[in-house]
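Working notes, structure below.
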Amino acid sequence: METVFYSYTIIIMLVCAGASTAMTTSYAITRNRVYFFAAIAFVLYFFDLTFIFQSEYLNHGMGIEPDDFYTVNDPLIKTVIAAGILESLWLGLLHYFGKPHAFAAVAPIAVFLTADFLIVCLMPESPLKQWCFYSSREAFLIWCIGYVAYKTATAKTPAKAALARRLRTLAIIGGALVACIVAENTFMILIWNPSAATASSILPLYISERNISENILVLVYATFALRRSMEILRLRHKDPPDHGDERQRYIAETIDSYCARHDLTKRERDVLLCIVNGEDYQNAANDLQLAVGTVKSHTHNILKKTGTSTRQELVQDFWGS
């Protein structure tokens, strides 16, 4: 049993490390902050798992007392790490849909921290306290999934709707697995009453701080992250594909959602298309039948809206979107 749980945890940690590295690489190539926040989330979950190893190592494979099975160990550290993971997910989600407002960025995590503080300080040690402590994480995840549903339902343009629909698969899988996480926590903490033989074994040591459904959720999201990183590397961000059909297909599939994300106007979209195709100011002005100064003005507005400083950085951001 010890070998199985050891190997199981090591595999998850390696996947998290790989996903974090892949997202860091993607961010270095594209400067897309969504990948930056994803990298932070995966590396923090990696460290979260190290505390499980620490707990098991310090117990030297010995069983734990029945009362300790329902104890929230190291609540401060766990709250800080969980807050880091959840806030990274939330910030990544906000940046995916556009530049977030400061209040929207910090309000949900402030509620989460307040809830955990009240649970730890005011509730007596009991199975219910442990259930509430861990369920606050799932409440935050439900909030994130609900936000995706809200953005999908309130999309005012086809481009914004398409942008939201890109997350539909992740949201559906996430919703199903979050339900499984809550069900697993409910059974293991509130319903399951281990026999004396089971309670005296080492099994409670290995399942007291693990949630299999949560691990599956992380593995699924890590798989999506690794696949996305491979797509970015395949596109060779700094040197986009030379094959005309592949290049133009990617531009056609991406430009509308990119413009919707940054609230670019129709004319700014036309200028962006020229920039992505490698045209200078004069050629863009000729194609669009505009003055060179007008093209430069639109380019300045595009750079400002996308948070980039140069045309090259803008192209990099587009190819990484």
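Cβ coordinates come from backbone N, Cα and C, glycine included.
No curator has checked TrEMBL annotations; they are predicted automatically.
Small disclaimer: the values here were computed from a predicted structure and weren't measured.
TrEMBL lists 6-27, 34-55, 75-96, 103-125, 131-150, 170-192 with the feature transmembrane segment. Feature annotation from TrEMBL assigns domain 'HTH luxR-type' to 257-321.
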Close approaches to the transmembrane segment (103-125) from elsewhere in its chain (Cβ under 8 angstroms; 6 or more beyond its ends): 67, 70-72, 75, 79, 82-83, 86-87, 90-91, 94, 132-133, 136-137, 139-140, 143
The domain 'HTH luxR-type' (257-321), counted residue by residue under DSSP: helix, strand, coil: 48 helix, 0 strand, 17 coil
